[in-house]
Amino acid sequence: MPWLSTLMGVSVLGALGVTLVRNDKLAKQFTLVVSLIVLALTVAMAVQFSPNGDKFQFAETYDWIPAFGVHYGVAVDGIALVLILLSVILVPIVVLASWHDAEKGKRSVRTYFSLLLVLEAMMIGVFAATDVFLFYVFFEAMLIPMYFMIGSYGGAQRSYAAVKFLLYSLFGGLLMLVAVIALYSIAGKGTFMFSDLVGTVQDVTTQKWLFLGFFIAFAIKAPLWPFHTWLPDAAAQAPAGAAVLLVGVLDKVGTYGMLRFCLELFPDAAKFFTPLVITLSVIGIVYGAIVAIGQTDMKRLIAYTSVSHFGFIAMGVFAMTTDAGAGATLYMVNHGFSTGALFLIAGFLIHRRGSQFISDYGGVQKVAPILAGTFLVAGLSSLSLPGLSTFVSEFMVLTGTYQRYVVPSVIAATGVILAAIYILWMYQRTMNGPTAESVKSLPDLNAREKWVVAPLIALLLVFGFYPKPLLDVIHPAVKDTLSSVSVTDPGAAVPVAKEGQ
Amino acid sequence: MNGTIQAPTIEYALLAPMLVVFGAAIAGVLVEAFAPRYLRSAIHLPLTLLSLAGAFALTVWQAVKGVPTKPAAMGAVAVDGPALFIWGAILVLAFVSVMLINDEDHFVAAAAAVPGSAEEEQALYEGAAHTEIYPLVLFAVGGMLLFPASNDLLVAFVALEVMSLPLYLLCGLARRRRLLSQEAAVKYFLLGAFSSAFFLYGTALLYGYAGSIDLAQINKALGAVGGQDTLLYIGAAMLGVGLLFKIGAAPFQAWKPDVYQGSPTPITALMASGTLVAAFGALLRVFWVGLGGLDWNWRPVLYAVAILTMVVGAVLAITQTDIKRMLAYSSIAHGGFLLVGVIATGTSAAQNTSALSGILFYLVAYGVTTVGAFAVVTMVRDAGGEAWHLSRWAGLGKRSPLLAGVFAFFLLAFAGIPLTSGFFGKYAVFQAAVTGGALPLVIVGVVASAVAAFFYVRVIVLMFFSDPAADGPTVVLPSRGTAAVVAFAALATVVLGVYPQPMLDLAHSAAHSLFVR
């Protein structure tokens, strides 16, 4: 069964279907059903995945544009599979969470949900693409639905944020396009299939240029310091649901691309640039965390925490040890859930009070205990409390990096401490203390919102205590990736240091 | 001299598409002369559309029958693979443009009347209309067909004039903003006449150098004739000026915004699509067939021109507030992208084929989308006619989501977003250029694309993310023709963006035979 095409096909047909439904309420329910069907299908596919089987499974390859050597080629390995799972789990949650988001501006509700489903298809496609050109097509095309979601349904500064988001990403994408074309013509294979292109570029200087073409695009997308400035604007202006998909999934395309394309296609260049990337990552970790502490706007704060977290992920990818690589991949998934939860709960709060500013809140815990409690759990997972899933991944990234790069990992570990400051301080200012006048009558989470938050909290807890199923899937894929970069883990003699907290 | 004159052989069958168009144009003139006024329009429209469709059918038949490998009409006209493809493209684009022209609301009632005068009032009152536009368009289209196919410089010059003169006239016939329209016509005429003179002068100098105006003969003379290099260089440069002017390449781009802005929008659509296609065909043929041996000299110049054109087009477009001027600058930028493809031509036949097929695909993709975009422009109107000022477009996405959505889609295609035709066009020429070793040019190209994306996106922001003006323009109910054009353009933009293979194959097989010599 062509699983991956089915997934995308269902999403696209669902998107078309939504535009035909005349009633807004029905359209929402329809979207929810479609996204749940996609989720069910993905789970059905995932259980058939054999972690130690072929590298790429569920492969489908058809000629798309023979004139350019372009294929419609999709397949998943462990890394892609968990990221697709992340996407399809988040979509129904986002649908439920955005139930009333599109209504405020008297804009078409159906369009919003239709864009959401289009985006879902593209998110699956971008992770599943095994043809570099197809990957590029999805990479660029998925900007458009997100652009309209931010621009049409976002906050006051939405058009500025949407344009900034689009232009930054487009610019990176165009640089990547040059590298894609150059890769094709240098390889001279007449095909864009990833597996055929691996190892074709031997000249190190060429590799370096092509690496930069890809890497800058991914660094903008991820975003890595100093390419991050679009993210706080976009995430703060986007409706909460779109922000979750933007930060939780779209940005993962950047780190995923680094792992899949930068490392495997240009191994020598990747090694050459590793010190640079690690430096940028560490700067990003600390910088993002410090700037987050200073934010007055909750959504911007969460966006900056993501800049910090993406530093961890990129560092894990480029540390090139199995632990760090697997940790980084796991981090991509966990970050999606934890930041997703933070954005959504903050979104509920903002929706109630109508303000994004921390100073407008205070003592919410007394009037809305469930909201505050779940917010705390999501926040704690963001600061990597042991027992919550992000801890596992952050720990793996740090120990994995330590095996090769001691100083960066030690500096990066301070990010964990800073995380405690920005999260707990935000919690303290909004939820504790005397109840502010304006939030006295704040209602607690309603049933729909509980349904949104519950699965996320459950996932954070489950993977916090038992990450093995995910790691089992991720590990072979990461090993395979690193072996194609011909890196072996440094001698295990280095004792795994306890973390500095 | 033995007293007998060899009659020239003319392959009428090969030239049939042009002959049909020119024949219909002359018939149109006769209609103007003899048919009663109330019947003219009713006769012109079917005549024009049928002749274009017939010419298209003949072109297809020609291509199916087999592409000739020798120039026709005693070496004057080359009906080869690229020429047939370009003919097909021009005929389709002209056909859809005529469907826009059909809406006579765009044209002035009495062109000769002073704007705002009593005569104009009177003509409007009487419901007068210039039905001459149909034969004029057909003459222009005939010229467009001949221009890229002309295999010697004199025929090329004749074609250039046949194409341009009717367009000069048509530019001045806009119903609204009369002064702007007349200004456009005068500007276009004066500058166009200059460029034609350059072309003619270049022809003369090259004749002085090579002793022939035949492109193949000129190419043969390169290297064989010594001591006349000054003639050659100046001649080639002047020829280049004439051709680059028609493309609207910088630094000869100044006419484009003014003319596009002032002309009746359907005529702008015809110029932006058909003329561009024809001019690129001619440029390729002249530089390739005629001056191919000189490419060490012209390539660096075109390199610079391409960079300048992309940058000027993309940067100046940002400051525009008139939608048609913005599209004009966008057309300049796209001309620059196409020039990247021209530079991608090289020494190997495979490289030439891929560059040429890339250009051909780009021309079709861009031409169709452009006609569609201008068709949308004709539909967004307020009290004074088309709502030309960009600020008037604010909030259009809320009042007529479908139309605004289609227009946004066209703009995304111009910006080269994947899954639109524009992306594959750009990709095709850029890929050819990278393979041809013009990587720096491609980098300039993508940076220019990113800048260009900014102003396309700005229009989308206006339409969708801004609140509608209180007395904003209304979208007129499109006539059947206009609706069909928009639908056709949107469909083509989608199909060429999702499944471009058939068109790429067609372009490839057309380009495969390259230009005949």
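Glycine residues also receive a Cβ, built from the backbone N, Cα and C atoms like all the rest.
Here is what TrEMBL says about this protein:
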type	residues	note
DOMAIN	A:66-124	domain 'NADH:ubiquinone oxidoreductase chain 4 N-terminal'
DOMAIN	A:129-412	domain 'NADH:quinone oxidoreductase/Mrp antiporter transmembrane'
TRANSMEM	A:6-23	transmembrane segment
TRANSMEM	A:30-50	transmembrane segment
TRANSMEM	A:70-97	transmembrane segment
TRANSMEM	A:133-153	transmembrane segment
TRANSMEM	A:165-187	transmembrane segment
TRANSMEM	A:207-227	transmembrane segment
TRANSMEM	A:234-253	transmembrane segment
TRANSMEM	A:273-294	transmembrane segment
TRANSMEM	A:301-322	transmembrane segment
TRANSMEM	A:328-350	transmembrane segment
TRANSMEM	A:370-393	transmembrane segment
TRANSMEM	A:405-427	transmembrane segment
Of A:6-23, A:133-153, A:165-187, A:234-253, A:405-427, whichever stretch has the most CB pairs under 8 A to the transmembrane segment (A:301-322): A:405-427
Helix, strand and coil totals (DSSP H, G, I; E, B; other) for the domain 'NADH:ubiquinone oxidoreductase chain 4 N-terminal' (A:66-124): 42 helix, 7 strand, 10 coil
Which of A:30-50, A:165-187, A:207-227, A:370-393, A:405-427 contacts the transmembrane segment (A:6-23) most, counting Cβ pairs under 8 Å: A:30-50
Segment-segment contact (the transmembrane segment (A:133-153); the transmembrane segment (A:234-253)) at 3 or more Cβ pairs under 8 Å: yes
Model confidence over the domain 'NADH:ubiquinone oxidoreductase chain 4 N-terminal' (A:66-124), averaged pLDDT: 87
